[in-house]
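What TrEMBL annotates here:
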type	residues	note
COMPBIAS	A:1-19	compositional bias 'Low complexity'
REGION	A:1-23	region 'Disordered'
TRANSMEM	A:39-56	transmembrane segment
TRANSMEM	A:68-89	transmembrane segment
TRANSMEM	A:109-134	transmembrane segment
TRANSMEM	A:146-164	transmembrane segment
TRANSMEM	A:201-220	transmembrane segment
TRANSMEM	A:250-269	transmembrane segment
TRANSMEM	A:284-301	transmembrane segment
TRANSMEM	A:308-324	transmembrane segment
TRANSMEM	A:330-349	transmembrane segment
Amino acid sequence: MSAPASSPAGSPASAPAGPADERLAPRSTARKLLGRPELGSVVGAIAVFVFFSLVADSFLRASSMGTVLYASSTIGIMAVPVALLMIGGEFDLSAGVMVTSSALTSSMFSYQMTANTWVGVGVSLLVTLALGAFNGIMLVRTKLPSFIITLGTFLMLTGLNLGLTKAIDGTVATKSIGDMQGFPTCRDLFASHWTIGSVDLQVTILWWLGLVAVATWVLLRTRAGNWIFAAGGNAEAARAVGVPVARTKVGLYMAVAFCAWISGQHLLFSFDVVQSGEGVGNEFLYIIAAVIGGCLMTGGYGSAIGSAVGALIFGMASKGIVYAQWNPDWFQFFLGAMLLLAALLNAWVRRRAEAAR
Amino acid sequence: MTTENPGTPMTTTPELVPPAGPLVELTAVSKSYGNVLALREVSLEVHAGQITCVLGDNGAGKSTLIKIIAGLHPHDSGTYAIEGVPVQHTSPRQALDRGIATVYQDLAVVPLMPVWRNFFLGSEPTRGRGPLRRLDTATMRATTREALLRMGIDLRDVDQPIGTLSGGERQCVAIARAVHFGAKVLVLDEPTAALGVKQSGMVLRYVAAARDEGLGVVLITHNPHHAYLVGDRFVLLKRGTMSGSHLKEDITLDRLTREMAGGSELDELTHELGRTRGGGTMSTDGPTAEKAAPSPEPPDPETSA
């Protein structure tokens with residue numbers, strides 16, 4: 001599945017491009033790698049890995065890997081669609097609280113209706129997709145910046161999450177649905193884990209890898225992917241040649257909503273109660289992972305693999321600080337510094353890549 | 001989707017094309033935005049294998065005209081006929097489907113995308129079906145290279161981002177793209193406006209190549225020298241109205257330049273600037289053109305009005 005990922009600009013297809021041109025010095029593999037958006041993040045990930053391997057003894061233990069991967073996957077699942085959206089030229093500030101909204105909807109619907117939890121899961125999917133569609137349709141209809149539109153949805157959802165939960169349940173958390181019908185099978189799908197040797201692997205890691213593979217396939221090998229790059233790179237030009245830019249953007253917002261649903265259900269079925277105030281601020285983690293992974297803030301450039309590497313850096317740093325027994329307060333500083341470094345490195349790499357051609 | 005330009009005679013020269021019905025014919029077309037009359041009773045004809053040049057200064061209504069032909073805006077009155085059939089477009093897609101391809105000066109391409117992805121943008125060929133339906137990347141790359149070569153464009157690498165090409169090369173790729181997708185009429189918005197002398201020459205050569213493939217071409221420009229080099233018909237716009245319409249055999253470059261700059265206004269300007277001539281820094285096209293012989297070399301477009 002990850003085959004198209006490792007040969008993004010298409011090493012299999014670039015060969016039969018006709019006789020070699022004498023003006024074109026054969027591009028070395030290194031040069032080709034330099035042209036990839038995720039290069040900077042891979043270098044960064046190796047650096048972070050080596051750093052924590054040296055300062056934290058327990059970081060290299062097999063059991064730590066499971067923990068790091070789990071932390072990475074919870075961010076990574078959302079970083080994938082957020083990266084696609086950024087390539088398509090837009091932001092979604094409501095992505096963090098939307099995860100909580102999705103979990104709350106599922107939990108409260110099942111509890112209040114005394115329904116099988118699968119019904120709640122299904123209703124939650126519809127509601128969350130509708131939220132995504134709302135963001136997208138508002139954006140393409142009003143032509144306002146996505147920053148404003150999704151800031152509005154972010155605030156409204158934050159209020160709704162708290163307000164509705166208190167109104168219905170009387171507290172800021174939902175009632176436990178752990179003993180309800182359907183709960184075990186739902187948990188198998190969204191929150192199960194296996195132990196291989198001493199490594200504890202969460203199912204979210206599979207969801208994450210699957211989403212990265214699908215997103216990479218869509219981005220590089222389908223018409224929709226071409227449209228995403230074009231919508232973010234030059235929407236006017238894309239529209240002029242017949243690309244359905246509005247439909248592409250609405251679709252991207254719904255992809256964010258779909259992944260928020262997956263994350264939300266994981267949240268619900270791993271803890272069986274949901275805190276209604278959660279999720280605020282996570283939208284920035286998703287955006288940071290996408291940017292560290294080489295997505296251009298202005299759109300038109302980036303990759304899903306990069307977002308995964310960005311999420312992995314996040315996971316290694318957040319857990320590495322714990323393994324190194326440092327004060328976790330330093331984590332925010334570290335994250336900010338990583339973001340700046342990544343942005344600088346990306347800018348530099350892209351200039352090199354373009355000059356190299 | 002990848003059909004070759006259908007059955008157009010490859011050997012036609014513009015002068016020998018029989019005056020069959022025009023591909024595109026605008027008759028007394030007007031357009032207003034609110035209470036602003038942007039275009040009043042403008043008529044023009046575009047024939048297969050010929051180039052119709054639309055000349056005018058800034059604000060003369062060139063861009064309104066191009067938007068009507070391209071289908072971005074519907075016209076208010078008059079008739080717009082494609083191969084004799086009156087049409088009223090409401091989207092660029094409709095015009096595109098009827099064979100009218102427009103190449104805009106600045107929004108022709110997506111800079112960070114590779115040349116081959118740009119070439120097929122919006123009309124991507126696919127293989128397989130269902131969830132395995134995917135871009136036919138090998139064909140896309142090979143076809144891009146072939147289509148460009150056919151127009152005489154020898155690109156170093158179709159994988160480079162199109163933003164790394166020069167402005168002239170980008171225009172040429174856009175022209176080759178329109179030709180490849182079977183456009184019958186090619187509308188070019190100021191293709192040489194931001195280009196140097198050499199690149200302008202290159203673009204004009206590809207415009208001529210598109211004409212020789214049998215396309216009707218509408219060339220919008222404010223440079224009469226470029227227009228005269230390749231044009232068969234000239235439509236002059238001034239403040240939203242048509243101030244002249246000529247066939248090439250009926251007009252000289254000298255007169256074209258004078259008409260475009262607006263006869264008496266030009267005399268006035270010549271008089272006004274008379275003393276500074278030879279002073280060194282004056283190099284505007286307008287005032288010097290009346291003494292310039294029709295030169296085969298396109299003048300430096302950066303300095304044109």
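Quick reminder: no glycine exception, Cβ is built from N, Cα and C everywhere.
Counted over residue pairs 6 or more apart, the CB atoms of the transmembrane segment (A:284-301) and the transmembrane segment (A:250-269) come under 8 Å in fewer than three pairs, which marks the two as apart.
The transmembrane segment (A:39-56) shares the most Cβ pairs under 8 Å with A:330-349, out of the stretches A:68-89, A:250-269, A:330-349. Using the rule of three or more Cβ pairs under 8 Å, pairs at least 6 apart in sequence, the transmembrane segment (A:250-269) is not in contact with the transmembrane segment (A:308-324).
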